[in-house]
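Peer 1: Starting off with a structure, shown below.
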Amino acid sequence: MTRSASATAGLTDAEVAQRVAEGKSNDIPERVTRTVGQIVRANVFTRINAILGVLLLIVLATGSLINGMFGLLIIANSVIGMVQEIRAKQTLDKLAIIGQAKPLVRRQSGTRTRSTNEVVLDDIIELGPGDQVVVDGEVVEEENLEIDESLLTGEADPIAKDAGDTVMSGSFVVSGAGAYRATKVGSEAYAAKLAAEASKFTLVKSELRNGINRILQFITYLLVPAGLLTIYTQLFTTHVGWRESVLRMVGALVPMVPEGLVLMTSIAFAVGVVRLGQRQCLVQELPAIEGLARVDVVCADKTGTLTESGMRVCEVEELDGAGRQESVADVLAALAAADARPNASMQAIAEAFHSPPGWVVAANAPFKSATKWSGVSFRDHGNWVIGAPDVLLDPASVAARQAERIGAQGLRVLLLAAGSVAVDHAQAPGQVTPVALVVLEQKVRPDARETLDYFAVQNVSVKVISGDNAVSVGAVADRLGLHGEAMDARALPTGREELADTLDSYTSFGRVRPDQKRAIVHALQSHGHTVAMTGDGVNDVLALKDADIGVAMGSGSPASRAVAQIVLLNNRFATLPHVVGEGRRVIGNIERVANLFLTKTVYSVLLALLVGIECLIAIPLRRDPLLFPFQPIHVTIAAWFTIGIPAFILSLAPNNERAYPGFVRRVMTSAVPFGLVIGVATFVTYLAAYQGRYASWQEQEQASTAALITLLMTALWVLAVIARPYQWWRLALVLPSGLAYVVIFSLPLAREKFLLDASNLATTSIALAVGVVGAATIEAMWWIRSRMLGVKPRVWR
């Protein structure tokens, strides 16, 4: 075993106590995430809940509990949001790159396992195969020590460590043994710095969520004047009892609020989470489903994302010196079987040649980083070595030049050769005779090519980035259909604009540092791209966090899984197209649902304003002010089959239409004109049917019923338009919705319960006629809007 001059028996108890007192222990400071109280407050005290809460109190003041059922939406909206964010908090709080590793710490009082927070500066920590490096340090003892730093650097190959070399927290031992002295502990360690940066709380960007918030803000501004006007006119200008006035006022205010829009959006996201969960895809933030459907650039980390761990033998080229009785396949199988601690290359050979001939081993020389070869002497089959061609061959030989040519393609090349002396001889391997070149390549995930082809069809560009060498990265990219020269990231410009321009010219990048991965994401975003980052290592954490959507592999580091919005638990890259599909379903369906809810808001506000203005005009003219046409029960049944049930079904329906930006603009350009038509048509019918202050209860009920008929006809036509292009299930949604109202108006018990009276043939005829005109106007508007947006109007799919 090689020892450095700094190797010691470890610290004394007094030295340990002194370092703890000086704060030089591995106590990592608690990460800052939102508290449960902050999450609760953020989800309870929202704009939509404030609106609903005030209206609920008004309804309860009338004593009509049945009309206050919409208050349950306050609970539903809050609970769904809190559950999702608390789950995200719990995931972040569990972020621990070094996991539950128990390092073997050597001190003068003895060598034993300790928890990671007991480690102090200058502690000596022993390492063996599979052990994790828990703090940064310097190697003081080594015996063929090889460290896997792929989760930190992206470098696929294990790194041989000699005395004096540095090791970083988050890496682990592949083979050999050794010890290192802790040089950086606590928040100074490399992994701890990344963890602190990664654990800051963020929410994924969501055009749907932001758009709905903007719409709700706009609605709030409309509600204030419309609400105040309605309250004044219904309470102080009409000449009916206070309870009737309050009910009419509530009937005006309640439908102004798109009370189910936020809930339907949350349900649509939640159903997507469940569906993707069945595909072993964990969605840690609901809007991430939407986000991936909007992505136009995917930055894919090569190691662990596009490739699997390990190598595979892709070719064996026999050389001129192969005239021996032993077959190359038998020799390779025998070498693999004789290796007690195979590295990645020998494991690949063992997988390819898994039928060893059963030769008797006379001597064995394990692989050493210093010699770059391993070998076995067999009793009756000679001496065989396998290792680096540049070490075993004369650089001027034909075999060496052939190996160099193959290696330039990003492939790993090993030389199989026969030695002239036993492998345990002091002069081993002696004179070697080249027998074969064993060519290995990284294992590419079998589903990677199909997934990248899918993104290409969807016009989503893919950038392959890795800490591995550029030639190797380019070779993998080429096998996946991403052709073009790979660039060494050490030559990348540092300026954001220059970097963004360079990214447009190249597809593959090697030797990319963690901070460069982050810079690549920022540069792409600065040019207006929506960026997804896939990765599995600690070196991917910062880029995963800053990307619009972070996607981690389930087998990756705890840090990468914690900061990613989407985790592929089964490590299947091919799951991503299904996530895109779910995102499209949510985006397309919520746009339809938003049209329904906002159309209701527009016609409700307009109707309240028209009634209120009429009341204000009537006062100086000494005319009877209008009562609002509807009581809460009327607006409740109106919402059942024009919005509520259809919206729920539409929000969950299949939909693979491509997502485009401009959610708010598209919704407003349909909801506002449709709502105006419904509001005006309903008001015209009500004016024609209204009999004034001295009308009987039956006449007032008939006028309200007439207005409701017009509203239902036009609102149902909006549903019919929004449901296009038609499929059988959409027709099965629209037609029964209309039939449901026919049934309600036909049943005496329903008419009595819901305060409906369509017995006045004159007012009912007016309502039907105005309803037909309103529906025709909505149809014409739909065709005109489609032309204006440059969308081909489709009635049938």
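Numbering starts at 1 and runs along the chain as displayed.
Keep in mind that glycine also has a Cβ here, set from the backbone N, Cα and C atoms.
Bear in mind that the values here come from a model prediction, so they are computed numbers and not experimental data.
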Peer 1: Do you know which of D504, D515, D536 Swiss-Prot groups with D301, T303 in the Mg(2+) site?
Peer 2: D536
Peer 1: Among 215-235, 254-274, 667-687, 703-723, 729-749, point out the range having the most Cβ pairs under 8 angstroms from the transmembrane segment (601-621).
Peer 2: 667-687
Peer 1: Around D536 (Mg(2+) binding site), how many other C-beta atoms are within 10 angstroms of its C-beta?
Peer 2: 28
Peer 1: Taking contact to mean three or more C-beta pairs under 8 angstroms, with sequence separation of 6 or more, is the transmembrane segment (764-784) in contact with the transmembrane segment (633-653)?
Peer 2: no
Peer 1: Please give the sequence-distant neighbours of the transmembrane segment (215-235): residues at least 6 beyond its ends with Cβ less than 8 Å from one of its Cβ atoms.
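Peer 2: 47-48, 51, 242, 245-246, 248-249, 252-253, 256-258, 262, 594, 598, 601, 605, 608-609, 611-613, 615-616, 625-628, 664, 667-668.
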Peer 1: For the transmembrane segment (729-749), which stretch among 254-274, 633-653, 667-687, 703-723 has the most Cβ pairs under 8 A?
Peer 2: 633-653
Peer 1: In the same chain, which residue numbers or ranges, 6 or more beyond the ends of the transmembrane segment (667-687), come under 8 angstroms Cβ to Cβ?
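Peer 2: For the transmembrane segment (667-687), the list is 211, 215, 591, 594-595, 598-607, 610-611, 614, 626, 629, 703-704, 706-707, 709-711, 714-715, 718, 721-722, 763, 766-767, 770-771, 773-774, 777-778, 781-782, 785, 788-789.
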Peer 1: Could you give the residue numbers and ranges of same-chain residues that sit at least 6 residues beyond the transmembrane segment (703-723) on either side and whose C-beta is under 8 angstroms from one of its C-beta atoms?
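Peer 2: Non-local partners: 592, 595-596, 599-600, 603, 629-631, 634, 638, 641-643, 646, 650, 670, 674, 677-678, 681-686, 688-691, 695, 730, 733-734, 737-738, 741, 755-758, 760, 763-764, 766-768, 770-772, 774-775, 778-779, 782.
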